[in-house]
Amino acid sequence: MSKRMSWIDVNLPEVARPYAHLARLDKPIGSWLLSWPAFWSVAIVAESQSFPEIMKLLVIFGLWAILIRGAGCTINDFFDRDFDKKVERTKTRPLASGALSPAQGLWWLGVQLVLGLGVLLQVNTLTFILGFIHVPLVFAYPLMKRLTYWPQAFLGVMISWGAFMGSTAVTGSIQHSVVHPLYISSFFWTLVYDTIYAHQDKEDDAKAGVKSTALRFGDLTKQWVSAFAIATIIALALSGYNANISWPYYIFLAIGAGQLTWQIWTVNLSSPADCGRKFVSNQWFGAIIFAGVILGKLFA
């Protein structure tokens, strides 16, 4: 099967293409999923900040997410380069295919980390420290699938980190009653979408001894992710209640619950293509909740 062309192959110089592919710049869903907890947090704790100040923080966290997600993909592909050669979906990745050497991959990893942490220098010290603490979690995540059937839980710990950083960027502290439920909601949301995502590769993973919640849950996957989805919505409701957000938020929360229900009820876990589509649709769940926060604050 030939590799599908993307805007990277059409618009970037040949020397830059493997680096852009390694960072998955043509697949922004990962950056959205890392961004949304930070975006939610910025929006939900903001009070007296001006619109330009809020927009500046959203841009900073958007750039941070793109760069740190790219670093996460790079370290993941570095660890998995031998395994990826044996999997149809991943064998054309730059480190697996030989388009980049391992040394070039590590160099690119360093560039992305420096830039990703660098953008956080535009905010306060506590947010930068939290961003620095986050880096070892990014490095450790690819190793979890070798150690436990719950790597998706570790991903939830790592990818939800922006919930803390958004709060500290706006207020200089973690607003515990609002941010902790927000973090927990993102954690359970991650278990929903990444378990669905993991079903794409479950046969290859089983052969290679790679672990995942998809393999752990098996035929009970929909029951498990339904419970995680319920926990997601409850935690989001608690965060909104503690933040005194008004009624539009809860309307959008109901819409978000419907989006998760649609994913879980309709996904064909035996179809990698459908699992991929449902996974990507989570960018819209994040947008729904963000819109609800904004409108709930405006009508407060």
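Cβ coordinates come from backbone N, Cα and C, glycine included.
Features reported for this protein in TrEMBL:
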TRANSMEM  58-79  transmembrane segment
TRANSMEM  126-144  transmembrane segment
TRANSMEM  153-174  transmembrane segment
TRANSMEM  220-241  transmembrane segment
TRANSMEM  247-267  transmembrane segment
TRANSMEM  279-299  transmembrane segment
Original post:
Are the transmembrane segment (220-241) and the transmembrane segment (153-174) close, by which I mean at least 3 Cβ pairs under 8 Å that are 6+ residues apart in sequence?
Top reply: no
**OP:** Mind checking which residues of the chain, 6+ beyond the ends of the transmembrane segment (153-174), have their Cβ under 8 Å from one of its Cβ atoms?
**Re:** 33-42, 45-46, 49, 54, 57, 60-61, 64-65, 120, 123-124, 126-127, 130-131, 134, 137-138, 140-141, 144, 180, 182-183, 186-191, 194, 213
